[in-house]
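If you check TrEMBL, you get these features:
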type	residues	note
REGION	1-40	region 'Disordered'
COMPBIAS	1-11	compositional bias 'Basic residues'
COMPBIAS	29-40	compositional bias 'Basic and acidic residues'
DOMAIN	95-245	domain 'Glycosyltransferase RgtA/B/C/D-like'
TRANSMEM	113-134	transmembrane segment
TRANSMEM	141-159	transmembrane segment
TRANSMEM	165-181	transmembrane segment
TRANSMEM	193-222	transmembrane segment
TRANSMEM	234-256	transmembrane segment
TRANSMEM	277-298	transmembrane segment
TRANSMEM	310-328	transmembrane segment
TRANSMEM	340-361	transmembrane segment
TRANSMEM	367-386	transmembrane segment
Amino acid sequence: MTAAKREKKRSIGPDTPIPGGGSTPRESATTRRENDRTPPDRTGCLLVVMGIGALLRLYNLGYNSLWLDEAATLTFARQTLAGIWESTATGEFNPPLFYWLEHGMLFFGESEFVLRLLPALFGVLTIPVVYLIGKEFRDRDVGLIAAALLAFSPFHIFYSQEARAYAPMLFFFSLALLFYVRASRSDEVRSWVLFGLFSAAAFWMHFYAIVPVAVLILHALATRAGTIRSARNPALSAVAFVAASLPLLIVTFGLFRARTSSAPTFGMQGIEIVYQTLFQASGSSDLVLVPFILLFLLGVAYTRREDREGALLLLLMLILPLAASLALSSRMPMIPRYLIYLLPVYFVGIASAYPGLYALVRDRRAVYLAVAAAALISTPFLATYYTTPQKNDWRGFSAELYGMTGDEDLVVVLPPYVAQPLDYYYSNATDRTLEIGATTGDDLAAIRGRYPGRRAFYVMTPDLFAANPPGDAMDWVEENTQCYGQYTEIYLFVSA
């Protein structure tokens, strides 16, 4: 059943005249049933959900230390606008839009709070967009439940508090998805163009956004097969996307070839990427994962009764990106956060099971129980999230390092780029030490030969295994140093 037909059916109310001038008991009962299916206004509850969602994303925003990727954000944001573009064009596998925005934020300082504020705000704004997606896809109740699932989602809260492009990318892709759903049902040119433009904005935020955009175009072509005219508007959206993304598309092909030229040295491979993506999207709980998958499938089945194209959209948008990630994981790094764009579809699919369950209870207050359940599910995560370091604690580690080192000591950083988060909190000039980077065993041997007799502190993270796949650097450390201790996932070794 199309959206227009559903809205026409729902518009029948007690005061609607029945064709023919008469009214029978059966017609009155039908009218009452259809009117009962139309959810009441949920604006008040939505505002409460948004308010709580904003609090969860803005509270204690600067608590966690910057970790490697966030420190890299600061490194790129400090460049000029042209320099940021040059970095992308010459090998940085992240589009420039987020770095450009963060470059502007540096006007307010370089604190953890400032660097994370934009992702947090984009995360908050995504909540009402997901509500609109659910409302457009089904009704207000589905929209409210989907918005609540996102508002309390540990996965989304975490990346809304990270100075990376994942939450902003999700915001723009959610807008693209909203206008795609509208366009696919109204065939309005404006909605098709906005779908293409917001898809481009998501792509400028993160390269992996091109995957769900391609799936949506595929869905449009599959559901409009038959005539050239029916494919005209989807083609228009594709043109809008290409026109808005052309400079980035040109450099993307070269970056993709470089990214897939050898086996990945980090990330997840095979079925693990599928499981971990669904696991983290479900609050990192197997107890939640299974019911969520079952509810998603129930939502697809219930949607299919009235909207086969909508059910197909849910399935394609979940299955194809996971399948693509599975296939590509042997050639390029794959991490669940790259697939954060699945959240709106996943949560709308889960929420779409609600109309079927509502038919059993016939109580409009049941939607509030669903919202409360979404909040309850996140309780174990929230109980420790704001009081326990969720990232490498470079702030605390640096304070310890200051207390251990002496004048002229060596601080050897493994691998060298880990110096980005370290140097945000630690200054070797202030501490009067010499900081050096190393990647291989030969690098380490050369440093010892250049500075014989000096005490050395070796700062290492698991990133070394990606930077030095042969493992000779780790072998050298084990043979020539003593382990002093571990601070989150930061390891400190001292020369023997």
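Cβ atoms are placed via backbone N, Cα and C, with glycine included.
The stretches the transmembrane segment (340-361) and the transmembrane segment (277-298) are in mutual contact, each linked to the other by at least three Cβ pairs under 8 Å (pairs 6 or more apart in sequence).
Outside the transmembrane segment (113-134), and at least 6 residues removed from its termini, the chain residues within Cβ reach (under 8 Å) are 46, 49-50, 53-54, 57-58, 61-62, 66, 70, 73-74, 77, 98, 101-102, 105-106, 142-147, 150-151, 156-157, 159-168, 170-171, 174-175, 177-178, 181, 343-344, 347-348, 351-352. In the predicted model, the domain 'Glycosyltransferase RgtA/B/C/D-like' (95-245) shows an average pLDDT of 95. Between the transmembrane segment (193-222) and the listed ranges 165-181, 234-256, 310-328, 367-386, the one holding the most Cβ pairs under 8 Å is 165-181. 141-159 is the stretch from 141-159, 234-256, 310-328 with the greatest number of Cβ pairs below 8 Å to the transmembrane segment (367-386).
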